[in-house]
Amino acid sequence: MRILLVEDDTSLGETILAWLRLDQHAVDWVRRGDSAQTALMTHRYDCVLLDRGLPGMTGDALLAELRGAGNRVPVILITAFNALSDRVEGLDLGADDYLVKPFELEEMSARIRAAVRRGADQVSNALVHDDLALNLETKQASLAGQPVALTAREYNVLYALMLRKNSIVSRAQIEETLYGWGDEVESNAIEVYIHNLRKKLGGERIVTVRGLGYRLKHDGD
């Protein structure tokens, strides 16, 4: 999962960044609203953690712009304002959830999973495709009810495919799930992860669409 963290408090930002990376997420961290605006125009994110009080462009203004442009990326507002009117205002602007500082990191992770789950129209804590399932909380994969051991990177590749299970997923989209800014992208890494997943899940389950990317095979194909 690729997450955009927009937080100008260095101490809090470093804490959240370390926690999310420990949880195997690719994270881009910016400290200004206008920098986040640029990031959102050039990259696809699974979730945005957005502080309301930012230099350059407020979080409220950025959120209003996102929703006005039809961008439905899950957004969780982070703020020190705990008044009911503040929470209502943030949600009315289009936020999917609201975290008041200080908050527990475990709760933040749970709210991220819930926001992404709602965005993917999932009613459970899992992504499901035919007999294949990914548990978003435990980060465990199962095939026909049996656990499948995946590395963190293999899990993230499969997550990218299952999140868009009815679409072709490009190499660039998979790389955006795996890598944050500044991370070194290995030239043949995606092919290696796909090869490993095919060995573990069955060779026909992931289909190569030449020149476009990859997609999951449906039982009826």
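Glycine is no exception: its Cβ is also placed from the backbone N, Cα and C atoms.
Keep in mind that TrEMBL annotations are predicted by a computer and have not been checked by a curator.
Annotated in TrEMBL:
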type: DNA_BIND; residues: 124-218; note: DNA-binding region
type: DOMAIN; residues: 2-116; note: domain 'Response regulatory'
type: DOMAIN; residues: 124-218; note: domain 'OmpR/PhoB-type'
type: MOD_RES; residues: D51; note: 4-aspartylphosphate
Spatial neighbours, same chain, of D51 (4-aspartylphosphate) - Cβ under 8 Å, 6+ residues apart
V6, E7, D8, D9, G59, L77, I78, T79
For the DNA-binding region (124-218), the averaged pLDDT of the predicted model is 86
